[in-house]
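K.L.:
Just passing along the structure, written as structure tokens.
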Amino acid sequence: MGSIEEEQRPLIEEGLILQEAKLYAEDGSVDFNGNPPLKEKTGNWKACPFILGNECCERLAYYGIAGNLITYLTTKLHQGNVSAATNVTTWQGTCYLTPLIGAILADAYWGRYWTIACFSGIYFIGMSALTLSASVPALKPAECIGDFCPSATPAQYAMFFGGLYLIALGTGGIKPCVSSFGADQFDDTDSRERVRKASFFNWFYFSINIGALVSSSLLVWIQENRGWGLGFGIPTVFMGLAIASFFFGTPLYRFQKPGGSPITRISQVVVASFRKSSVKVPEDPTLLYETQDKSSAIAGSRKIEHTNDSKYLDKAAVISEEELKSGDFSNSWRLCTVTQVEELKILIRMFPIWASGIIFSAVYAQMSTMFVQQGRAMNCKIGSFQLPPAALGTFDTASVIIWVPLYDRFIVPFARRFTGVDKGFTEIQRMGIGLFVSVLCMAAAAVVEIIRLHMANDLGLVESGAPVPISVLWQIPQYFILGAGEVFYFIGQLEFFYDQSPDAMRSLCSALALLTNALGNYLSSLILTLVTYFTTMNGQQGWISDNLNSGHLDYFFWLLAGLSLVNMAVYYFSAARYKQKKAS
């Protein structure tokens, strides 16, 4: 019989191995050199300041352009209200459509880090082109002479919109990756880091709005009082700082390996299930094909447990007699793993939740379009100071800045007592609250417009279209309510699409979340176009005309409130049926 020390040695060695394993992140991430990352030296909150700094500066640059773009289009490029609003929402929609390009490149080939790096350069070039178009006299239209406003030349339009859409392409590589890259710094297998990751999304959105606060206040004032060249030049400088901040943190980052094309994997499941349409799915799910290794066959992904919904797709994971005899399971166009099938099932389950963001984003789009136009038809003087209407966006940003720490430090601990959820609310519950708040926002905007129109009628300002002597500060409640809705819906959406998405599709799913912003902006443009068409038939003035005093912008706001109410009802029905992802 051996000594006690000899008997205990294997146990001691096993304990040392386990202790050593805990020194490293166990979620499949690597450091910059491709080695398992040490927890003490990489990731977690020590890496996040560089990512949050990047996002803060990049969003300052973006909102420095987007926040007051409608004013530039109407006063410098001499476009009408409807045309300018349509151009703004179309561009903003494109900014949230291009993330699909960046997401596919990140998940399939480059990884999130290099995708952010490459597209940041494109973004900076676009910002520089926009600054030149507003600074060089030959690249911008001449000023109005009385009522005559000369149109921009094709070359001037090309320079301005070329820079604008380079920005749209650049942001497409950054937006779907940066929040996921930040969340990648927290190890999913560590319970303490999982809690910190939930907090990260709150502070990530907080940093976005710090950048937006500077843009919607200081930059808007500079643009309207010190010139558009300087007003666009400052955001360009901050975009340069965003790039610098991102690269400085490189030694501290954790990196997730790209798992191959998600579009290819989805297509393989569809094709394989179609080829085996006559095959019967076994009752026992353990008979479906899955790799025997601990890790998934998909790089950078954990295995996903089988679910019973969309059972037709399970046919793709049924092992045929021919495959069983040959032992060849390598053709993914004929045989897919359970994890690969579940990836597609997850996307299908997400769809109704995803669709709710379209209407919410259409409401959010009003902040940079019709809210600004409504403000321009009100008294914008605060004492002797002329407040740019777009600067009211500051109150939306201030609302977010107030609500994020309030939510993180007070609402979460309070809600936890009743819900039993570590994060206070589940992502589904949080988004539902945000949808309810969006209804209140549009109702508040409609009430303000009713008051403004009544005053315009009483003072005989309908024909002249002169600004109504009601303070623009009456708009503060609608901006403040919208900010509260953002904290609940948009942050909940960020966390939902990161946590519920397949591991190797996180950039793509983040891009799908951003796609709701694109579709919301396009929907806003479509609604504006349809409302203008139907309300101007037979020579009528229309709800939204260049003279808002003779229109009915309040009807437009009530229409959006009604659509938001229907959207909320559909969401609640879909959310009650949603099944959570289970990764092994």
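Heads up, the Cβ atoms here are built off N, Cα and C, so glycines get one too.
Where the annotation comes from TrEMBL, it is an automatic prediction and has not been curated.
Small disclaimer: the values here were computed from a predicted structure and weren't measured.
According to TrEMBL, the record shows the following:
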type     : residues : note
TRANSMEM : 113-135  : transmembrane segment
TRANSMEM : 155-174  : transmembrane segment
TRANSMEM : 200-222  : transmembrane segment
TRANSMEM : 228-248  : transmembrane segment
TRANSMEM : 346-367  : transmembrane segment
TRANSMEM : 387-407  : transmembrane segment
TRANSMEM : 433-452  : transmembrane segment
TRANSMEM : 472-491  : transmembrane segment
TRANSMEM : 512-535  : transmembrane segment
TRANSMEM : 555-574  : transmembrane segment
K.L.:
Let me check one thing: do the transmembrane segment (472-491) and the transmembrane segment (433-452) come into contact, meaning three or more Cβ pairs under 8 Å with sequence separation of at least 6?
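P.N.:
Between the transmembrane segment (433-452) and the transmembrane segment (472-491), which are separate recorded stretches, there is contact, as judged by 3 or more close Cβ pairs.
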K.L.:
Can you tell me which parts of the same chain pack against the transmembrane segment (200-222), counting only residues 6+ beyond its ends and a CB-CB cutoff under 8 A?
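P.N.:
For the transmembrane segment (200-222), the sequence-distant neighbours (Cβ-Cβ under 8 Å, at least 6 residues beyond its ends) are 48, 51-53, 55-64, 67-68, 179, 182-183, 185-186, 230-231, 234-235, 238, 388, 390-394, 396-398, 400-401, 404-405, 407-408, 486-487, 490-491, 494-495, 498.
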K.L.:
What residues in the same chain, six or more past the boundaries of the transmembrane segment (555-574), come closer than 8 Å to it by Cβ-Cβ distance?
P.N.:
352-353, 356, 358-360, 362-363, 366, 370, 431-432, 435-436, 438-439, 442-443, 445-446, 449, 527-528, 531, 543-544
K.L.:
Which bits of the chain, at least 6 residues beyond where the transmembrane segment (155-174) starts or stops, bring a Cβ under 8 A of a Cβ in it?
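P.N.:
Cβ under 8 Å, 6 or more out: 58, 62, 65, 77, 91, 94-95, 97-102, 105-106, 115-116, 118-134, 139-141.
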K.L.:
Other than its close neighbours in sequence, what residues sit by the transmembrane segment (228-248), given a CB gap under 8 Å and a spacing of at least six beyond its ends?
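P.N.:
Result: 50-51, 53-58, 60-62, 64-65, 68, 72, 76, 116-117, 120-121, 123-124, 127-128, 130-131, 134-135, 211, 215, 219-220, 222.
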